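Here's the structure we're looking at; comments come further down.
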Amino acid sequence: MANAMLLPVILSFLVLPFSAMALTQDFCVADLPRGDTPAGYPCKEHVSADDFYYSGLAAPGNTNNIFRTAITPASVSQFPGVNGLGISAARVDIAVGGVAPLHTHPAATELIFVTQGTIVAAFISSDSNTVYSKTLYKGDIMVFPQGLLHYQYNIGVTPAVLLVAFSGPNPGLQITLLALFANNIPSDVLPKLTFLDAVQIMKYKSMLNGTA
């Protein structure tokens, strides 16, 4: 059953544009302790089959959080075999009423495959701020172009599960709400950036553990 669910995601990898430069060798398994560089991780000297295998997406993520959503990545940090291959994956669990809030992946295009539940998924264009939104059911896929803001939320009566393919080994993640309110941007600056009043700003900072 698990293999059948993963097959569409594996196939989706074949159509994603690979962002990495052409390899001059078969592979370059990441040597994680040596640290990342702008060109990726250096190659591990001794590799085994385990470097090309990852089982971390089998179990549901913990959705007991403010968004009622869990993202389980299989990027280079968890799955060093994808280093240099222009590809990675993730699992997203969205509880009933949950949301994957407005966010972006700066370094990769994203393709989602719904394996369970019903969601609304959308992205926003950068040139005209047009919203491209679709209701997705089990078996549906949707693509979000690299770097564009996008979101998903569960409109069904059961938890939703998405399997995700990225066109890069380390797609990155920036959630807009956290970028604004879960940090130390001064509270007197945020009204200028958001047009929210001080009461609203302090509410969001309190909810997201930001500092004044």
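A Cβ is built for glycine as well, from the same backbone N, Cα and C atoms used for every other residue.
In TrEMBL, annotation is done automatically, which means it is predicted and not curated.
The following features are taken from TrEMBL:
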{"type": "BINDING", "residues": "His103, His105, Glu110, His150", "note": "Mn(2+) binding site"}
{"type": "BINDING", "residues": "His105, Glu110", "note": "oxalate binding site"}
{"type": "DISULFID", "residues": "Cys28-Cys43", "note": "disulfide bond"}
{"type": "DOMAIN", "residues": "55-202", "note": "domain 'Cupin type-1'"}
{"type": "SIGNAL", "residues": "1-22", "note": "signal peptide"}
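Distribution of TrEMBL features across the structure.
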| residue | record | Cβ within 10 Å |
| --- | --- | --- |
| Cys28 | disulfide bond | 20 |
| Cys43 | disulfide bond | 16 |
| His103 | Mn(2+) binding site | 19 |
| His105 | Mn(2+) binding site | 23 |
| Glu110 | Mn(2+) binding site | 23 |
| His150 | Mn(2+) binding site | 23 |
Compute the mean position of the Cβ atoms of His103, His105, Glu110, His150, which form the recorded Mn(2+) site, and then list in sequence order the other residues of that chain whose Cβ is within 8 Å of it.
-> Thr104, Phe123, Phe144, Leu148, Leu149, Pro171, Leu173
Provide the three-state DSSP residue tally for the domain 'Cupin type-1' (55-202): helix first, then strand, then coil.
-> 19 helix, 56 strand, 73 coil
Averaged over the domain 'Cupin type-1' (55-202), what pLDDT does the prediction give?
-> 96
If you measure between the CA atoms of His103 (Mn(2+) binding site) and Cys28 (disulfide bond) and round to the nearest Å, you get 30
Length of the line joining the Cα atoms of His150 (Mn(2+) binding site) and Cys28 (disulfide bond), in Å = 31
C-alpha of Glu110 (Mn(2+) binding site) to C-alpha of Cys28 (disulfide bond): distance in Å?
-> 23
Whole-number Å only: compute the distance from the Cα of His105 (Mn(2+) binding site) to the Cα of Cys28 (disulfide bond).
-> 23
